[in-house]
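> Among the features that TrEMBL reports, active site, charge relay system is placed at Asp400, His458, Ser622. Annotated domain 'DUF4384' per TrEMBL: 64-141, in sequence order. What TrEMBL records for 394-655 is domain 'Peptidase S8/S53'. Here TrEMBL flags 1-19 as signal peptide.
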Amino acid sequence: MRIPLVLAALLALVPPAHGQPDRSGLVVPVAGVPLDPVDLLRAENPAQAFSVTLETENGATLVPEGEEVQFRVVSMQAGYLTLVLQSEDGTVSVLYPNRFARGERIAAGATVRIPEGPGFRFTSKAPFGRDVVKALVTPQPLIHPDRAATAWRRSSMIQVSGPPPTDAGTELGGLDPATWGTASLAFETVPTRATGAPPVLPPPPESAYRPEAPLDAWLDRYQDLRGTPSEVKTWGLFSPPPAPARSEPEAAEHDSTLVVVYRPTTGWRSFGRPSGGGGVFGQVRYVDPAQDTPDASGTRSLRRAFGGTFDEVLAGLDADPDVLAAVPNYRVQSLGFRSASRPPTAPATGAPGTPTYWEAQWGLHNPFFRSPAERLDVAWRAAMEQYRGPDGPVVVAVLDTGVRFDNPHLGPVLWRNELEIAENGIDDDGNGFVDDVRGWDALDGDGDPTDPNAEESHGTFVASQIGGVGAAIQSMAPDVRILPVRVLDAEGGGSLRQLIEGVRYAARNGARVVNLSFGIPPMDEANPALERLLAALYAEAADLGVVMVMAAGNHAADGRTVHVYPSGVRGENTISAAALTMTGELAPFSNYGPAVDVAAPGQAIVSHAGRGVTVDAFDGTSMAAPFVSALAAMLIAQNPTWTPAEVRAAIVETVRPIPSLDVASGGLIDAAAALARARQ
């Protein structure tokens, strides 16, 4: 790859036609020793006395062609910064300083962003492959900025591409080792998919077609791809499922807090003015009856007003005519899981554009059946033959455990709040959230929605199913930006409060689809107050153009006899998803019944589960919902003016009927049929 400097007039750096590097005046000599960029690329300081860090601004290490790149450098010692690039084809270029950014002295500990202004930009270009950027911090400038705009072709000085060698480093003219330092960053440029064109993928081997035992066939292929030992077959999770054993309702847990939602035109007579915005949902307040006593603002004592117990206060508030709903702050839990006897995760390999695990991604294209009539998948390949890319990406909010920003599959598609300045402690865009550059953490109340679980990130898994770029996994939606909102802890637990705050944040910051892969355990009796609260929340999201997609739940529960929230509350913009097995049956753990809208693949789903490029397989309705969210995003990409109700209808009314599925629509989502409706 070359990352040329580009002016507003698209003036790019031009390499010489051929031959040896041109040393004429390009590098200011250090201690009388002439240097060129190849010397700088090889420079190593074995006695480096201070740290230098170099990253891309968004943390991505996979960069799609045509994307602008910004680097972030922090040096713990003051000095002058130089950036040098070695591309996959052996080209060596000076990126910084240059005639547009002359390279002022940087302060110790300060964060420097390159490019740092509108004067120029770095844009990724072919050739595709692995590139290395080298940062050097020295006591005096190394590059004359008026002469830096030059690139060097492969020469005898640099025989191989890849990282700078460490065994023959240049000493930069004998500089004192305590005065200079370096850092390197390796990343990969990948091609941008042509609009409307599905990726070119190899067919599975003939031996993969085994409709009589697709789960065994999946295990064989997954084992071959991962190189795991044969005991992978001992996974009980992927054995042919027995008749589902329906679970009894569990007691819904909650903390000592009440969630109180006022009607939009309330006078707040019950107690002090609540917090939060208005709209359909009204005002909301979170209170602890045991702690709510009179204060300077005139807040009334809830215990004195309604009684001494939690239940008495709850009943009193719920009966207040100003209150739309008052409910306990119920605990929610993620709805995806892995077998306790799974094989270890394995690194992914493969050339860009050819997902290594394509043959194991049966939910997109099931290779274990010969004919489309037999095949059970979401008809993704047929959908992509019709798909045409949008003018801009569709924002899909993933409300979950957060994501791993060090996962290269996700880096290029993560949402970014361009109106906010990071780490300045100011709400620059006036949206009510400080420093929310990368999303929001509703648990900690800050702008860092990173999942602390580096290896088994439920949110990363879900987000990678929906969208991403890379060689290992084929995501379903090609033109999305993932907005991460952390509402669950590392173990997958959260509360109704985080659900409300997460949905409202996503809806008010441009999301068109919200994915909820978590829920409250089923209740044996309906909860009218909770249903009013959720219905109002969904209505507010609908008014902002948001489709709500929810996992149906993993309790093997019949919606006719128990009540499941939040998925059991239906709105014009809501879709709930049950989990389908590879053989077209309801997964033994999946909830079902008329309150569930559709089915989607939810067994043996392959995706990225943590940092780096490791791949794993999960089960659960948590994995079914992202297929629906991705399809909703694809439909919005085709028809940006569609209302959430139109998106819902296109998905629910075009399912592939499967008689054994006990869901309201009676079928499996069909992306090709839904896209055909969108293109009518």
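Cβ coordinates come from backbone N, Cα and C, glycine included.
Automated prediction, rather than curation, is the source of TrEMBL annotations.
How buried are the listed features, and what sits near them?
For the recorded site, Asp400 (active site, charge relay system), the DSSP three-state label reads strand.
In the three-state DSSP classification, Ser622 (active site, charge relay system) falls within a helix.
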> Rounded to an integer, what is the Cα-Cα distance in Å between Ser622 (active site, charge relay system) and His458 (active site, charge relay system)?
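Distance between the two Cα atoms comes out at 9 Å.
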> On average, what pLDDT score does this prediction assign to the domain 'Peptidase S8/S53' (394-655)?
92
> By a simple count, how many Cβ atoms lie within 10 Å of the Cβ of His458 (active site, charge relay system), its own Cβ left out?
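His458 (active site, charge relay system): 30 neighbouring Cβ atoms within 10 Å.
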> For Asp400 (active site, charge relay system) and His458 (active site, charge relay system), determine the Cα separation and express it in whole Å.
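Cα-Cα distance, Asp400 (active site, charge relay system) to His458 (active site, charge relay system): 7 Å.
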> According to DSSP, how is the domain 'DUF4384' (64-141) divided among helix, strand and coil residues?
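Result for the domain 'DUF4384' (64-141), in helix, strand, coil order: 0 helix, 42 strand, 36 coil.
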> So how many other Cβ atoms are close to Ser622 (active site, charge relay system), meaning within 10 Å of its Cβ?
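Cβ-Cβ neighbours of Ser622 (active site, charge relay system) within 10 Å number 31.
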